[in-house]
Amino acid sequence: MAERANLVFQNKEIDGTAMKRLISRLIDHFGMGYTSHILDQIKTLGFHQATTTSISLGIEDLLTIPSKGWLVQDAEQQSFLLEKHYYYGAVHAVEKLRQSVEIWYATSEYLKHEMNSNFRITDPSNPVYLMSFSGARGNASQVHQLVGMRGLMADPQGQMIDLPIQSNLREGLSLTEYIISCYGARKGVVDTAVRTADAGYLTRRLVEVVQHIIVRRRDCGTIQAISVSPQNGMTEKLFVQTLIGRVLANDIYIGSRCIATRNQDIGIGLVNRFITTFRAQPFRAQPIYIRTPFTCRSTSWICQLCYGRSSTHGDLVELGEAVGVIAGQSIGEPGTQLTLRTFHTGGVFTGGTADLVRSPSNGKIQFNGDLVHPTRTRHGQPAFLCYIDLHITIQSQDILHSVTIPSKSLILVQNDQYVESEQVIAEIRAGTSALHFKEKVQKHIYSESDGEMHWSTDVYHAPEYQYGNLRRLPKTSHLWILSVSMCRSSIASFSLHKDQDQMNTYSFSVDGRYIFGLSMADDEVRHRLLDTFGKKDREILDYSTPDRIMSNGHWNFVYPSILQNNFDLLAKKRRNRFAIPLQYHQEQEKEPISCFGISIEIPFMGVLRRNTIVAYFDDPRYKKDKKGSGIVKFRYRTLEDEYRTREKDSENEYGSPENEYRTREEECKTLEDEYRTREEEYETLEDEYGIPENEYETLEDEYGILEDEYRTREEESEDEYGSPENKYRPREDKYGTLEEDSEDEHGTLEEDSEEDSEDEYGNPEEDSVLKKGVLIEHRGTKEFSLKYQKEVDRFFFILQELHILPRSSSLKVLDNSIIGVDTQLTKNTRSRLGGLVRVKRKKSHTELKIFSGDIHFPEEADKILGGSLIPLEREKKDSKESKKRENWVYVQWKKILKSKEKYFVLVRPAVAYEMNEGRNLATLFPQDLLQEEGNLQLRLVNFISHENSKLTQRIYHTNSQFVRTCLVLNWEQEEKEEARASLVEIRANGLIRDFLRIGLIKSTISYTRKRYDSRSAGLILHNRLDRTNTNSFYSKAKIQSLSQHQEAIGTLLNRNKEYQSLMVLSASNCSRIGFFKNSKNPNGVKESNPRIPIPKFWGLFRNFSGLLGTIAPSISNFSSSYYLLTYNQILLKKHLLLDNLKQNFKVLQGLKHSLINENQRTSNFDSNIMLDPFQLNWHFLPHDSWEETSAKIHLGQFICENVCLFKSHIKKSGQIFIVNIDSFVIRAAKPYLATTGATVHGHYGEILYKGDRLVTFIYEKARSSDITQGLPKVEQIFEARSIDSLSPNLERRIEDWNERIPRILGGPWGFLIGAELTIAQSRISLVNKIQKVYRSQGVQIHNRHIEIIIRQVTSKVRVSEDGMSNVFSPGELIGLLRAERAGRALDESIYYRAILLGITRVSLNTQSFISEASFQETARVLAKAALRGRIDWLKGLKENVVLGGIIPVGTGFQKFVHRYPQNKNLYFEIQKKKLFASEMRDILFLHTELVSSDSDVTNNFYETSESPFTPFI
């Protein structure tokens, strides 16, 4: 009893780790049998207690952590600050990503630690706590997800998802968090299914390689060893794990005393003596040489001493043990288990955090500033890097604290800075001890807005490749995206322009035609007109209907929604076109508003030639009636013929007087020629404003028209264009139809040869392609250029109908038959007209034409005029009917096929349209428009917009336009070949003006970009009284030169009149008013009259606030940024009520312009060339912040947001490009920080759109520490594949060693030693890499298991061709030991090189063909073995299993052992070889250098400590 009282009673909890230690000590003391008896009793006790306790889980047991709320709030605040820094351009995207990960990872980890203490303190008997922390079921990570927070998740590719899950499973997830969690669940399912199979297959291959490795002998007699030394950075834990269970290869001496002998196995006691000795005498410690499976001299088996102790019972491994199978299972099985582990954690992202050093108390910090170097942390924060251990003192009021910071750490505070308690002062560099995989990852940064790319001189302006757009960054610098207003669709030109924007003609690209106004009668499109003012200006309403409407209170228009979606595809070859929407009110109030507008066309670069059409509009009076199709006939002249005299008067042009029939053949031919089609190709403008998409779908679905089959252009197409049916309402023809008997009476009809054509549709143009479902361009529209305009006085419209039917459709009418209105043509088609039917069969479709009119059979054929237009007197009944002008008929020849002599005449009704030029002038354009001002001439011309005799057709609800009224520009000066035009839109508070500016000279205020495309700045103002006062920044001579070429300035929108107008003002009607410093209220004229708003006009007159490089100090009294634009005095009073305005002008002296570059150097330049301030978003700084700080800024300087240069912070980042006395203008820009080595996409000055790729970062990141990422790496190493992220390619290094070592040593020795060294080095490297994967997962695998596998992978050499051998053929794979023995047995040397084989190839290159055949490629292996006559000695396990024999392990091992007489003199032979070994060490000095210079895995215990491989001892 007394003895029992002396025992220590341990009364504490025990977890899984402590249980492992207890069992290990029990085995050491009592052996396996007694230990199992003790553990059985513990098991019984545990089950009994668990049964009586009956622990169950409830939701109340999941205790949440109280501190979670403020922890998450703190992390969110840090993330917000990080986002702000990124917006300012202080950190780049990779730093932002890293810091975001670490913020949330640190928060999650802190919560996990809090969870442990919370359970332990508040509820130690909590079932969740007991279950998970005792190791019974679950782990800390799963409980943390239940009661803490899930944190950052990884997607299926292993990449981190930026949005952390802040909730835990106890609280419940939001919808977003749930969806992100589903990624992890999916990842777990995929891993369980796929990766488990991978791990199982890996195990099978590993066992296949080493299944024949059996312990067959006690000692192989090797003299090789591997050295282990703790001096080179090996941790004590690794040192112990490496030595325990091994066998010594040499005697160990301390001084002259031997403490361990050769072939002695190392236990825990001996290891402790080694550690004690090394601690006492660290510099005198000798490396310990041990035996490993690498050093065993046997070929296909292993000896007891090279293997060491068995892992199961702690003694030397027994003979007959299948250590190969055990090794394969030991490596493969953790992969299977760890694969399943991810299913439970659900893809939660785990990262690594650096160790932080915190201040112990408040106080001032001090350190030696000479020992640190400024640097930038991984998160973009400024810091100091210390190269050696740094001593830091923190001096509080009464205590002096001293903290030692290890080398290569980051100091996060400045010297002499006051720090608070627990403040982070240093960060110990992560990676010194952590074993993480690194991988190179590309991160693409995309533009957040449209803009123009700009970079500093730090970027290589030459691209990486000759024609590429990729550039490398030599050092860290900023990229700037200068904001622009991109007009990718023309809608943007009306909706996205803000006040004080200035637009250029080049930016107006109307990619299609608009439908202006309102369509009341159409049921499909219902529009609402919103009257919006003020803040809601420029509002776009989106409806689910096909069209949309835009309104801003001043004007409105509707545009097809197809333009919004496909504006990139529209109009590739179209010039820039700018449409001004105008509403046209007819006199009748009852009729709906007719919608049409004046369209202004400005060509590319704004260059106008002579006789250019500047503007045009479509008169609704010349639109085709409602529904119907037909052809247009006219006699026309082109504009080029305008100045030629007319040969005939209008009466002679249009045929003979009424009731007069010419009979002479010459007159017939003359008349026919006048109305014959002119054979030029011009596509008809089917619809002026475009057709909604759904109409084309219907048309194509019904007829199956292919793109290339529609409108193949032929020169002789006449009367051929028709409309597809089912689109038009029937129109009654007053001529009726022919009698039925006339059809039988006449034979087959044939058209005249000149009317006959092979294909009537015309070729589609490039921009009129018809694709199913997508309207790329409005079919039939063509560039409305001067070449194709026909100026006519009268034209005729003749009804005709065309149907395009599929080839397979069955017609219900016959060719050349006469039908009536609404006759059924096919199953789903009915006719709209009555008349003669003509059918033509084409390769891909069938054309069916219906000619309306009467058929007459003349008695005398030669008296009939073919192709004539004849007026009919009987149709003139009264004046009302004559307005319709339906008093003409069109006569055509038709011939009967059966009887060549019989002819008949088809008389078709024609509608005549008269054009009166004088009527348009009063209503559309003011008369002063046609006055010659500034040598420019503008005149009105009516053009017909259809080809003669081409078929026009109505589609759906739109009306076809016959006549277009155009405004044609001309000038008298012959030396001027071109004019310049630009459009300017100005917006005031309640006023909008659009200006058209046309000038004969290049504008002096035109701005030239680097690409030399001239762009106009706006109006040039003139004042009749004193021209020198008008433009203060030009010299008098320059302005006088301008006045010689006066320009016409027209406003395109006039709200004062109820009808539309194109008003032209001379330049002298404009003036400007500037407010100066003596004005008390710069934003208003007088405080007593608050009704007067001062509009902020910057869009047009920015040049008055100082252009680029205006010398500011010279203009002392020019200060304000607000300007007022007046057109004339009447308009001024009417709109702005500025009667009380005191005209307070000061004469400003003219200045020369100068440019200030980025280095603040000034240079004068010609005022004709300036930089381009177009398409910019403006931001104004306070007026009072300029004078004091003029030296701080310069032109072109980039300023980041929130920089305190003045009294107030800069509110927006951008580039300074206009400098005034009291203010400067910043062009808004977004900075992006890019690091060294990043790749920049695009060119300098290139316009980028939102979403375009800007920069690509290449950075290293730690791989997700998930076994699903690590397991493939183990497989790749075993298969000897190249792994970029782990190290340089091992195979390449082996090739280098194979070449260099024989070259240095030379001769046969070189190959022998070179192969030995190469194999030894590669073995150590491979073991290190595999252990790194498993240790990162916390899995402990003994090195000997991996060494047995690697021994087989590296056991082959390839016979070289350098020395021919009679035994082996070049290229043959043989075992290393076999090659060495053959070399010693033969007189000649065998040359060979080391080779690295994967486990699959090794399995197929064994000594047993039965084992190979049972693994893979059975037929091939057996066939080759039969041809070679191979013999299988059945040494392995698989061969015997396949053949049903006894396997040579365990009890079956005795039958395969052949006893050899032991050589008693072996030890003395080893002693005799000592001399040889010392000589070899001198030769192999290179080996140690090779190993130590290997930079594969630094700070790794294998690379640094076990590497001195000594082949002879």
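Positions of Cβ are set from backbone N, Cα and C atoms, glycine also.
The record from Swiss-Prot ties C296, C303, C306 to Zn(2+), and of the options C220, C386 it ties C220 to that site too.
Ranking the binding-site residues C220, C296, C303, C306 by how many other Cβ atoms lie within 10 angstroms of each Cβ puts C220 at the bottom. Taking the centre of the Cβ atoms of C220, C296, C303, C306 as the Zn(2+) site, the nearby residues of that chain (Cβ within 8 Å, site residues left out) are R217, D219, T222, R291, P293, T295, R297, S298, I302, Q304, L305, Y307.
The DSSP secondary structure for C303 (Zn(2+) binding site) is strand. Annotation note: C296 (Zn(2+) binding site) sits in a coil segment as assigned by DSSP. C220 (Zn(2+) binding site) carries neither a helix nor a strand DSSP state and counts as coil.
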